[in-house]
Amino acid sequence: MSSTAVPTTAAGSPPSSPSDKPPAPPKRSTTTTTTTPKPKPLQAWLDAHLPAWLALALRTRRTWKTFIRCIVVFVVMMTLLVDQVTLQTLGQAAFFGAIVSLMLTPNMAVSLFMIAAIMLVVGMCLGWAWGCAAMAASLAARSQTLLASQYTTAESNLISGVAPDAQFQAFVFQGLFLDPAASTVFGVFFFVGTFGFALIRAYAPRLTLLAIFGTIVLDVMCSYGPLFPSAQYMLATLFLIPTAMYIAVALAGILLIFPESMNHVWMTTLTETVLTPAHAMLASQQPLLALDPSDTDAWQETRDSVGATARNMIEATQGLMGQTGMVDLEVSRGRLGPGDLKAVGGKMMGLASRTLGLMSFMILVDDRNKGDAASPAGSRPNGASSGVDKPAKDKDKDPLSPLAPGTGTATPQSAQRFDMLREKVRRREAEHGHDLDNLLPLLLDGTRGLLAACEGALKGRIEWLRYVNSTRWRGSKSQKEEESAYEEAKAQVEAVRTALASLRGEQRLRVLEPFEKFFDPASGNLLEEIRQRADERIFAANSLFLCFVFGTTLKAYAETLLELLDVLVELQRKRARNRLWFPSGFGKIGRKLLARHADEGTGLEMGVSAAVAAGEDDATAVDSSSVSVEDDEGEIVHESKAQPLDPDSSPPRTWLGRGYMSLTAGFRWFMRPQAIFALRYSVVSISIFAFAVHPRTAYFNYANRGLWALIMAQTGLGVYAGEQIASFILRVSGTMIGLVLGMLAWYIGAGRGNGNGYGMVVITTVIISPFLFIRVAGPMQSIVVFLMIGTMIIFVVGYSWVDSHVATISNAGVGVFIAWRRALLVLIGFGCAFVVMVLPYPTSARQVVRKTLAFTTEELGNVLALEMDGCIQSTHDTETHWKRMKDQGLKSVGGRVLGISQQLQGILPSMTTAKFEPTFKGPWPADTYQRLMLGQWRFIQSIALLNASLSDLNAAWLHTLVHKTPFFNPNFLADLSSTIYIVARCLRHGNPIPATLVPLRERLIYHDRHGMAFGSPRSTEPEILPDELQAGPEHIDGARIGLREMTLSTLKDEQLVFHSTAIVALAQVIRTVDNITEIVRELCGTTQMFVGLDTMRDEYLGMEEAAIRRMEKRK
């Protein structure tokens, strides 16, 4: 174990004893290196009264430019609608182009809009092709005898003096030429086609646009096709012509009105939603450290704000990575090319991972504050625990409660031990003057330089990226100015390196000043008087180790930030002038569009939720390749998952058996939520299709535009019941509001007549503008109701204009007469979708939440086991293995943790919609599941903290961590892995947790004290056990940290910082797993109550420790 030579501090001579009155804590500094500008009154009002995304959009110039482009395109489409010449060309669905302008707004970069437009056109062409195939097959199946008799009937019903073509058209829509065989063929094709498009919606969210518009065209072909006695392959042009016109207008708008490349969008996203929050999080660290943790309200408020900023930055980084593959699909002009942006994006993922670790300090302090407030010892001078003296509310607890005695929770004696330990630590820190309130000013003084340097360097890179992004076509700086800016950037990066070196040198020792008085300045050992009365007078290092956590995570963050800064500064040197960049990545389009998950946003996701119960489908699992890293010398981290076996039969040995297994797997696929959704989609489509092909209802369906009821039923259907009910509420609300506003727009623009084209365009644009702005600026999950409002406004205005200016067989009227019919169609469509949802049984989003949380719990346990196994292997291998583990293995584990965090984010919409699911049982425990998800986030942050600490631990200290602490005891690791697996499986299948599953904190102390008594594998010398859990600097939560005695040189050793941070991370993992176990026990209950077992646990706890002490005395 190495020691670091440090200069003598100017702390003065130590007091005669540590019990002397501690020196007054240093005065908090009220000045910081950065000042946050006071927001303007309007900006403050927007931030206080509007959603964050809307307030940001209202003050962003780029959003207003994009909105202007979208509103111009909408005005053009409305002009094409009201112009009589273009109206005749567009036909009866002329307003469909305006609807598409809301669904697929031109708010994207040119290349991305081209991809979206191609998807839309391909989907419509697929629906058209399948409809044409259905029509050809139906004509072949049509009875010629029946057709001849139908023609005879039509001719006999002709009225003289009326155009025969108009009369035959009326006969067609009245169902005179319907043929049962032809209708059946259409029905079969329609069922298969809708089933396929529904699977696309369920399995590939990024292709939802393709599926929706393909289904709409297929609806037209199959709803109206059976009515015609001859081939009518051009029916699809009813929607294809307005869509083609819109795409042309939108492309012209994107190219001519504030054009924007994907490269520009990517860099804007990087600077505004990733790096700016990252800078804000760094700037908030100094104000956070300037607070007293004992002021829990202020600390909680600041921590929540900083945590929200960090989470937003991580989520934005994940979304940015989804757009990275799109930047090389276009021709762009600028300094940075696709390869440059990908290099920057690769470093951003590392920075996001380090941000998770940097949040650990805030969370640990917050958890400690909450634990102190909840500790019964905190309110009792003598430290008595509630494990013996329970509150009245606990005495009256239901004996069948999953948290009652005998269910595996902490016993009274065990709880009392930990309560007394907490009180002992708190008392000693207060007596010696080194609690968090006194240490944080020293921590702030030691880290202020590095924080300020990181803030300045990051701010400089943000400004340079903004400059590069805004001068693609304008003149750049002169060569002399560019060189000066480059030298300034190098100086900023060098300042970060200097500050980091200073932190690792003298600055990190500032926080150790209150502890120097406990050591002999000459020898560096503990003072003799403290050594003799260590149980009473030794200092506690819990708060110091928390400060070490901040130092470790800040160092790791700064090192990762330096990697990003180096890349950006090098790009500033290499890319001094703008140039043209040509596409090179068209081969990746299919892979990105066919991705099973939409958690990496590309701007193409809409419609059906992509949430699927993780573990139900192999594709939902985290890619195992992310944790298997290989090089020329073999694998560093590898996980091999055994395939589950059938306990009732051995694997098939014949081709017949293997074929049977494949067949049963196919049948099991139909029980998955995606397949059930597709079946319901097809069933509701066929049910409404039947009204279009029945002779008695065909004309009624056509006259009242029953096609829109079919479309609403299809678009309103959801994979899960809660999702569909929430969508039903939003869509119906949006429909009613939109119809009212649509009637308002029509009667203002038309008055008592058929309307004035100019007035109709103006009033419709004015009314729809706010909803179009929200559609442009808002996240997809927040704009459904506004999109529905805008669509209904266009419905009323568009249909009214078409019916009053185009001659049709059936005219439904204008204004209110159109509105109530459209409202009824929407309600009919949603009603049919609701009926199909509940039959035969609804697919529950609650199960998705529960099974996904169970899966991520098990996955986190696997990741932790892989990381700890890699550490153990490194201590039994060469030092080169540990170096490769740090360089590659830890990074792969970090990537897998980020993947799990994406899965947790993916079920957030399901947690919201699950509340809407109807049930005859009790309410869904949403708050409990929220706590369970929070516990898993703590698990993720603990692993990220462990990663940050292990990345700097040398081989000698790794040996100490693995072989001299109880955290790597194989018996304890078995307890840890078993607990995580049992908890995950019980949650997944809804089974009660065994009552014999005791808290891991008890098991850790058990294995630690037995290891102390009987010796570790590397040291067979036993130790004398005290009666109580120890609170000295060699222990965390009563367990050893691997040091026999703390010396001043050890305390000042930088490796102790990383070692203690790893210990804190592992201790936090254990507490988190215990917390998750209690939450799952609360949800699932316990197998059986064993009250006697708790009594025996306490008895054996005392007996074992007494026996160990007797053995020590005999030795």
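The count begins at 1 with the first shown residue.
From the backbone N, Cα and C atoms, a Cβ is placed for every residue, glycine too.
Taken from TrEMBL, the feature region 'Disordered' covers 1-40 (among others).
Positions annotated as compositional bias 'Low complexity' by TrEMBL: 1-14 (among others).
The compositional bias 'Pro residues' feature in TrEMBL is assigned to 15-26.
Sequence annotations record features per position, and here TrEMBL assigns compositional bias 'Low complexity' to 27-37 (among others).
Mean pLDDT for the domain 'Putative ER transporter 6TM N-terminal' (50-501) in this predicted model: 83. Feature annotation from TrEMBL assigns domain 'Putative ER transporter 6TM N-terminal' to 50-501.
Look at TrEMBL and you will find 66-82 (among others) tagged as transmembrane segment.
Residues 100, 104, 106, 185-186, 189-190, 193, 197, 207, 209-218, 220-222, 225, 231-233, 235-236, 239-240, 243-244, 247, 250-251, 254, 262, 265, 326, 329, 589, 593, 602-604 of the same chain, all 6+ positions outside the transmembrane segment (112-137), place their C-beta atoms under 8 angstroms from a C-beta of that stretch. According to TrEMBL, the feature transmembrane segment maps to 112-137 (among others).
The transmembrane segment annotation in TrEMBL covers 181-200 (among others). Packing against the transmembrane segment (181-200) from elsewhere in the chain are residues 123, 127, 130-131, 133-135, 137-139, 141-143, 207-208, 210-212, 214-215, 218, 222, 225-226, 674-675, 677-679, 681-682, 685-686, 689-690, 693, 714: each is 6 or more residues past its ends and has a CB under 8 Å from a CB in it.
Among the features that TrEMBL reports, transmembrane segment is placed at 207-227 (among others).
If you look up TrEMBL, you'll see 233-258 (among others) marked as transmembrane segment.
Under the heading region 'Disordered', TrEMBL lists 370-416 (among others).
Per TrEMBL, the feature coiled coil maps to 479-506. Long-range contacts of the coiled coil (479-506) within its own chain (CB-CB distance under 8 A, at least 6 residues past either end) are made by residues 6-7, 446-447, 449-450, 452-454, 456-457, 460-461, 464, 551, 554-555, 558-559, 561-562, 565-566, 568-569, 572-573, 576, 1054.
Per TrEMBL, region 'Disordered' is recorded for 623-650 (among others).
Residues or ranges marked as transmembrane segment by TrEMBL: 675-693 (among others). Cβ atoms under 8 Å from those of the transmembrane segment (675-693) belong to residues 175, 178, 183, 186-187, 190-192, 194-195, 197-199, 201-202, 219, 222-224, 226-227, 608, 669, 700-702, 706-707, 709-710, 713-714, 717-719, 829, 832-833, 835-837, 843 of the same chain, restricted to positions at least 6 beyond its ends.
Listed by sequence, the residues of this chain that lie at least six past the ends of the transmembrane segment (705-721) yet keep a Cβ under 8 A from its Cβ atoms are 194, 202, 212, 215-216, 219-220, 223-224, 607-609, 611, 673-674, 677, 680-681, 684-685, 688-689, 691-692, 727-728, 731, 812, 821-822, 825-826, 828-830, 832-833, 836-838, 842-845, 848, 910, 913-914, 916-918. Marked as transmembrane segment by TrEMBL: 705-721 (among others).
The feature transmembrane segment is assigned by TrEMBL to 728-749 (among others). Residues 712, 716, 755-756, 759-760, 762-764, 767-768, 784-797, 800, 814-816, 819-820, 822-823, 826-827, 830, 833-834, 916 of the same chain lie 6+ residues outside the transmembrane segment (728-749) yet bring a C-beta within less than 8 angstroms of a C-beta in it.
Three or more CB pairs closer than 8 A are found between the transmembrane segment (66-82) and the transmembrane segment (233-258), so contact between the two stretches is assigned (pairs 6 or more residues apart).
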